[in-house]
Structures are given as structure tokens and as C-alpha cells.
Amino acid sequence: MAYLLELKKVTKRFGGLVAVNRVDFTLEPGRIVSIIGPNGAGKTTLFNLITGIYKPDEGEILFEGRSLVGLRPDQITAQGISRTFQNIRLFGNMTVMENILVGMHTRFRASPVDILIQTPRFRREEQQLREEALQLIRFVGLRASPDELAKNLPYGEQRKVELARALAARPKLILLDEPTAGMNPQETAETTRLIRRLRDELGITVILIEHQMRVVMGISERVTVLDYGEKIAEGTPEEVRRNPRVIEAYLGRGVAIGAIA
Amino acid sequence: MLRAKTMEWVTQIRNGRSIYLVGVLGYIVAALLLMNWLSQPGLRDAVWYPLVSALAFAAFLGSLLVIYYAPLAGAVKAILGLAILLVLLPILGVRNTFLLEVATQVGIFAAMALGLNIVVGFAGLLDLGYVAFYAVGAYLWAIFGSPQANIAFGTNRFPLEPEWFFLFLFLAVGVAALTGILLGLPVLRLRGDYLAIVTLAFGEVIRVIVNNLDKPINLTNGPQGIRPVQRPPLFFKPWLSALGIRLDDPTLYALYFYFLVLLVIGFAIWLARRLENSWVGRAWTAIREDELAAQAMGIPLVRMKLAAFATGASFAGAMGMIFAAKQYFINPESFTFMESIGVLVMVIVGGMGSIPGAIVGATVVTILNLQVLKGLSLMLNKLRQAGVVIPIINFPLSQWPTQLEPAKYERLVFGILLILMMILRPQGLIPERRHRMELAEALGREERAEPEQLPVEEELPPVIPAPEVRPTRD
């Protein structure tokens with residue numbers, strides 16, 4: 001089966017620290033997979049490598065068979081990879097609608113000339129994409145008005161705007177960095193359902209970084225565990241849960257031995 | 001369309017809005033009467049005359065602001081505003097060309113503030129060397145529109161005929177934009193403070209180059225500057241004569257530059273507004289808000305920043321050229337760091353990112369500089385000559401050192417103005433729409449219409465294609 005995303009021996013060092021160490025990772029289209037690991041394991045660094053914020057020191061990253069290494073983040077987004085951020089990074093002084101329209105940046109075709117003389121093409125495109133933004137707002141279940149400034153929204157709503165903004169580019173692959181961080185159980189359940197719908201209804205492949213095991217175990221088809229930048233385990237949630245190295249990484253050696261015994 | 005507008009207008013007047021119209025008209029008439037009274041010849045020698053006339057002119061220009069804020073139909077506002085700018089002000093200006101001179105200078109700075117507003121206000125790139133582009137435009141025409149080019153290139157083809165002015169106006173826009181791109185390419189990878197420092201240096205570099213480019217080939221004539229700079233053709237003079245209007249050439253030129261500047265401002269506003277409400281403007285705002293997130297949304301940072309730089313620079317280029325033609329003479333002194341700061345102050349005072357703000361900021365600062373401070377200086381001079389002594393401390397004004405003339409307080413005034421703005425109104429005189437929304441938010445949500453309740457989980461929007469791929473495991 002052709003992989004949507006393929007990482008081959010990807011390594012990233014910051015000075016003496018090896019943040020990501022020879023990680024291999026493959027992903028078929030249509031999956032929901034999770035990356036877990038203790039704090040500082042290199043999960044977010046891995047996202048930053050895929051989205052082009054960092055350049056890998058070694059290794060290869062292929063998306064639909066084409067290398068992403070050396071492309072700028074905006075070029076990678078244009079290839080069909082969107083992301084959200086661990087600490088929400090909305091454009092605070094822009095409205096919900098504007099945030100989503102910025103997310104659609106790669107899809108605007110109107111030229112500056114179209115903009116200046118407001119050709120029908122410009123108006124039509126603007127109109128269409130605004131309508132689509134409204135649909136996205138409904139899709140993620142946002143209750144706030146589209147004209148609200150993003151920074152005035154409550155936390156959970158901001159997460160939804162960020163998701164809608166990432167969806168706006170019509171990605172093939174979406175990277176969600178701790179989408180349920182700071183949420184109560186009810187919001188977490190809602191978000192979990194939403195993530196499943198991304199795949200089931202929109203056909204988007206999903207990679208999650210997640211700390212809440214309930215979410216990870218509930219929706220991932222495959223879990224990859226990182227520790228100190230290395231991939232220490234991979235498999236179904238059930239396999240990973242029983243893997244002694246994983247238990248050790250999370251809970252310490254003593255506990256791990258106890259658990260096996 | 002027109003008919004509908006007229007109907008709307010009529011209903012507005014019937015609905016009791018006419019009181020506002022009367023108020024606005026009353027204000028304009030009062031300002032006109034004041035200006036008219038001040039133009040009596042006998043008053044000119046009065047000690048307070050320079051200051052009061054400056055304030056009267058400011059009040060007159062303020063009528064545009066009154067119109068802007070009055071709750072009137074858009075068409076009414078447009079008619080009133082255009083009547084002031086296109087009819088009343090020129091008439092006053094013909095009687096007193098100094099007013100026209102001030103208005104033109106205000107316009108030049110307003111267009112520059114509009115340009116800088118795109119760079120600083122929209123895209124959030126702090127540019128402290130904006131005057132460099134102004135200089136580029138000015139010298140472009142000064143060199144080719146004067147005999148200077150003969151010295152530099154050893155011909156006798158120059159100065160170019162006045163008709164070339166208009167072609168060069170487009171050239172100045174292009175060359176300034178190109179300069180912006182050339183500067184931007186290496187510089188725009190820097191962020192925040194570093195960008196500010198490098199652009200500051202660039203502004204100074206251009207001035208120093210211009211100051212020293214009289215050797216080995218004399219291109220700019222160095223510190224002596226270039227004179228005389230060709231003016232645009234007075235093509236409409238025969239038409240005016242045919243209409244029976246006879247004005248001397250200086251007045252005609254003053255009017256000419258006034259209308260030219262007005263035209264460029266109109267174009268600048270149009271351009272800025274169209275860009276603001278498109279993906280270009282949104283991308284600029286996104287970069288200002290969060291560069292990393294903006295790039296993650298697929299915005300090519302360098303390209304969009306260059307676009308902002310080039311657009312802003314092109315306004316300055318056009319205005320530099322008009323300035324050179326208007327002044328008849330330019331030298332490097334006109335393009336100092338203080339000019340960059342001045343335009344930045346205009347943008348900040350008006351409200352960063354706000355188009356009307358940039359214009360109001362330019363008006364306030366320019367009138368303060370050109371009229372109020374100069375007026376105070378003139379007043380002081382008159383008092384000094386009259387031998388007035390400050391009471392109590394018994395200090396004769398004739399001993400007041402010339403270094404302390406108000407006209408030299410420009411920097412002090414910029415500083416005080418900025419401090420006051422930061423304390424009292426950090427969002428600017430006419431804040432950007434977003435900041436206004438923020439304010440409205442703080443004043444209470446209940447005043448705003450309840451947002452439409454959107455159903456939480458709805459069927460998938462049809463625009464998004466149904467998935468082909470199915471998970472293999474579940």
C-alpha cells in the first residue's frame with residue numbers, strides 16, 4: 001500500500017541534544033494514529049519537522065512519495081498538510097471568520113488585479129469561501145458568532161476555531177498537537193467525536209499528539225511511542241498498553257518490572 | 001440606483017436626521033466665517049494672528065472629520081466632503097496661497113502615512129527608513145527634470161519637457177517599489193527590532209549616498225542640492241482663461257499640486273481599502289499577529305512582506321516626486337531620519353492599521369509643525385520686537401535665545417505627542433476596526449445582536465468531498 005507520509009531515519013539535534021533520533025514512521029491514507037510519550041520526548045519536534053518549521057539533520061520525509069525536506073512551511077501547507085498548535089496560536093485580533101479565511105490562503109486564486117478592480121471572479125471566490133467558512137464553523141460545532149474576535153472566545157471555542165482554520169486549507173493530512181489539552185471530560189468526548197468525523201466524513205488522515213489516554217485508546221488505530229527522541233514502541237493501543245518499555249518510559253523501571261511480574 | 005439613493009436621503013431628512021445635516025452645515029459655515037474674518041487685511045499684524053489663523057484652518061479641516069462622524073447617508077457625506085476639498089478649500093487657497101501650501105503638504109504626508117500604514121499598520125513591519133523611498137522618487141525627477149542630468153551624462157538633452165512629468169510619476173512608483181523589494185530581500189528575514197534597526201540604517205545610507213554622489217560623477221550635486229526642478233505642464237491654463245478665470249502662475253501651480261496630491265491620496269485610499277479587504281490584507285494582518293502561525297497557514301512570508309514593503313514604498317516614491325516638483329529645489333536635508341519618524345508618528349497618532357487614522361494623523365502632525373509651531377514662533381518674534389517683558393520674573397523677551405524658538409521644538413513635540421498618545425489613547429485617534437470591535441466588546445455584549453445560534457452537529461457540508469478512503473481497522 002502506498003504511504004501518505006513516510007519518515008525515514010529522521011534525526012534532529014539541538015546542539016548536543018538529540019530531540020528526534022532516527023525515527024522511522026509510515027502512515028497509510030485514511031488512518032487516525034497517535035504519537036505519545038513523556039514530556040520532552042520529541043513529539044512536537046516531530047510535528048515541526050514534518051511541517052517544515054525545522055529541517056531534519058538527517059533522514060528523509062516523503063509526502064505522497066515526494067520529499068518535503070527543504071520546503072518552507074507554507075509550501076508544505078500547500079501540499080496538503082495542516083496543523084494545530086499545542087498552545088493555541090490564533091490570530092487574536094482577527095475575527096473567527098477572518099481566521100478561517102486566512103486558513104484558506106492557499107486556495108485563493110484572485111490576482112491583485114482582480115482585487116483592485118473587484119472583478120466578478122474576486123467577488124465570487126470571496127463569497128464562496130466565506131460560505132464554506134460558515135460551513136466549517138458549523139462542522140466543528142462553534143457556537144460563537146463568526147464576527148467575534150478570536151481572542152475574546154473561551155478556551156474550548158478557540159480550540160475549535162483553530163481546528164476549523166486548519167481544515168480550511170482542505171488538507172489531506174492534519175496534525176493535531178494535543179487537541180484536548182485543558183478540556184473537561186465532556187469537551188474531550190466532543191473533540192474525540194469530532195476527530196473521528198474528520199476522517200470518516202472528510203477523509204482526512206489524522207496524526208494526534210495526545211496525553212489523555214482515554215482519547216488515545218479510544219480513537220487511534222495505531223499508536224507510536226517516543227521517548228528521548230527515539231521510537232520505542234508502535235502498534236495497536238492494546239499492544240502498546242502492554243509493552244513493558246512503554247510502561248517503563250511512563251512510570252519508571254521499578255513499576256515496569258512490577259507490572260510484568 | 002441614483003433614485004434609490006435620493007429616496008434614502010429624503011427619508012433620512014424626514015426621519016429627523018436633518019438636525020445633523022444642519023449641525024454639520026452650521027459648523028462648516030462657522031469655520032468659513034472665521035476664516036473670512038481672519039482674512040481682513042488689518043488683522044494680519046496682530047500678535048495673535050499666526051496662531052489663531054492656524055487654529056482656524058485646523059478647525060476648517062476638522063469639518064471633514066465632523067462629516068465623517070456625522071450620522072448621515074454616505075452620499076451626503078461624500079457630497080459635503082468633496083465640496084470642501086474640491087471647491088471651498090481651493091477658493092480659500094486662491095485668496096491665501098499659504099493655506100494651499102499647507103494643505104498640499106498635509107496631503108503629501110497623508111499619502112506617505114497611508115503607505116507606511118500598510119507596512120507598519122497592516123503587516124506589522126517596523127520601518128524606520130521610510131523616507132528613503134521618498135528620496136528615491138524625489139531625486140529621480142530632480143535629476144532628469146533639471147539640467148543636472150546634463151552634467152552627469154554629458155549631454156544637453158535635459159531637462160526633460162514638463163510633459164514627461166506624468167510618465168515619471170509612474171516610473172517613480174515603479175522605481176520606489178523596486179527599491180523596496182531590493183531592500184526587503186535581505187532585510188525581511190529579520191524580525192521586530194532588528195528590522196527596525198536595519199531600515200533605519202538604510203534610510204540614512206540613502207541620504208548619505210545622495211549627499212556624496214557629486215563625485216566621481218555628479219549625479220545628485222551633493223549637499224548643494226538640485227535646482228531648478230522642472231514642474232508639470234500647466235495644460236489647463238487656456239481652459240481656465242476661456243472660462244474667464246485669470247490667476248497668476250504661482251497660484252495656478254499651488255492649485256495644481258493641491259489637486260494632484262488629492263488625486264494621489266484618493267488613489268492611495270482606494271488601493272489600501274481594496275487590499276485590506278482581500279486575502280492580501282488578511283495575510284498581512286495574520287503576519288502581524290503571529291508570523292509562525294501565518295506561515296503554517298500557507299502564507300509565503302517573504303513574498304507577502306515584500307509586497308507590503310513595495311506597496312508602501314511606491315506611495316512614498318510618487319509623493320517624493322511631487323514634492324521635488326513642488327519645491328523647485330531639493331537637497332539631502334529634506335530626507336533626514338526625522339522625516340521617517342514624522343511619518344511614523346502620524347501613523348501612530350492616527351491609529352495603526354487605520355486608513356482614516358493615517359490621514360488624520362498626518363493632518364494633525366503637519367498642521368502642528370507647519371502652522372502652530374511656526375505661528376508660535378512668529379508670535380514670539382512680534383512680542384520680542386514689541387519689547388514685551390514677562391511679568392513677575394521680569395524677563396525681557398528680547399533676551400529669549402533663538403535656540404528656544406517653538407519652530408525648533410519639532411522633536412520635542414513628536415516626543416510629547418507620542419507619550420500622550422501612549423498614555424491616553426494607545427489605539428490612536430481613529431482606531432482600526434478591530435480595536436474598535438474590542439472596545440465595543442468591553443462596553444457590553446448585550447448591545448450587540450445575539451449571534452445566530454448555529455446547530456452544533458450538522459450534516460456534512462456538501463462542498464467538502466465525501467471520503468473515498470475507509471479505515472482498514474476500527
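Including glycine, each Cβ sits where the backbone N, Cα and C put it.
TrEMBL labels come from automatic prediction, so no person has curated them.
What TrEMBL says about this protein:
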{"type": "REGION", "residues": "B:444-474", "note": "region 'Disordered'"}
{"type": "TRANSMEM", "residues": "B:20-40", "note": "transmembrane segment"}
{"type": "TRANSMEM", "residues": "B:46-68", "note": "transmembrane segment"}
{"type": "TRANSMEM", "residues": "B:75-92", "note": "transmembrane segment"}
{"type": "TRANSMEM", "residues": "B:98-118", "note": "transmembrane segment"}
{"type": "TRANSMEM", "residues": "B:125-144", "note": "transmembrane segment"}
{"type": "TRANSMEM", "residues": "B:164-185", "note": "transmembrane segment"}
{"type": "TRANSMEM", "residues": "B:192-210", "note": "transmembrane segment"}
{"type": "TRANSMEM", "residues": "B:253-272", "note": "transmembrane segment"}
{"type": "TRANSMEM", "residues": "B:306-329", "note": "transmembrane segment"}
{"type": "TRANSMEM", "residues": "B:341-370", "note": "transmembrane segment"}
{"type": "TRANSMEM", "residues": "B:412-430", "note": "transmembrane segment"}
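For the transmembrane segment (B:306-329), the neighbouring stretch richest in Cβ pairs under 8 Å, chosen from B:20-40, B:164-185, B:253-272, B:341-370, is B:164-185. Taking Cβ pairs closer than 8 Å, the transmembrane segment (B:125-144) reaches residues 112, 115-116, 119, 152, 158-160, 164-165, 168, 171-173, 175-176, 179-180, 183, 188, 192-193, 195-197, 199-207, 210, 219-220, 226, 229-230, 305, 308-309, 312-314, 316-321, 323-325, 330, 332, 334-337, 339-341, 343-344 in its own chain, all 6 or more past its ends. A contact between the transmembrane segment (B:341-370) and the transmembrane segment (B:46-68) is present, since 3 or more of their C-beta pairs, 6 or more residues apart, lie under 8 Å.
Taking every listed stretch (B:75-92, B:192-210, B:253-272, B:412-430) in turn, the largest tally of C-beta pairs under 8 A with the transmembrane segment (B:46-68) is reached by B:75-92.
Beyond the ends of the transmembrane segment (B:75-92), by six or more residues, the same chain brings 5, 8-9, 12, 21, 24-25, 28, 32, 35, 60, 63-64, 67-68, 99-100, 103, 255, 258-259, 262 to within a C-beta distance below 8 angstroms of the stretch.
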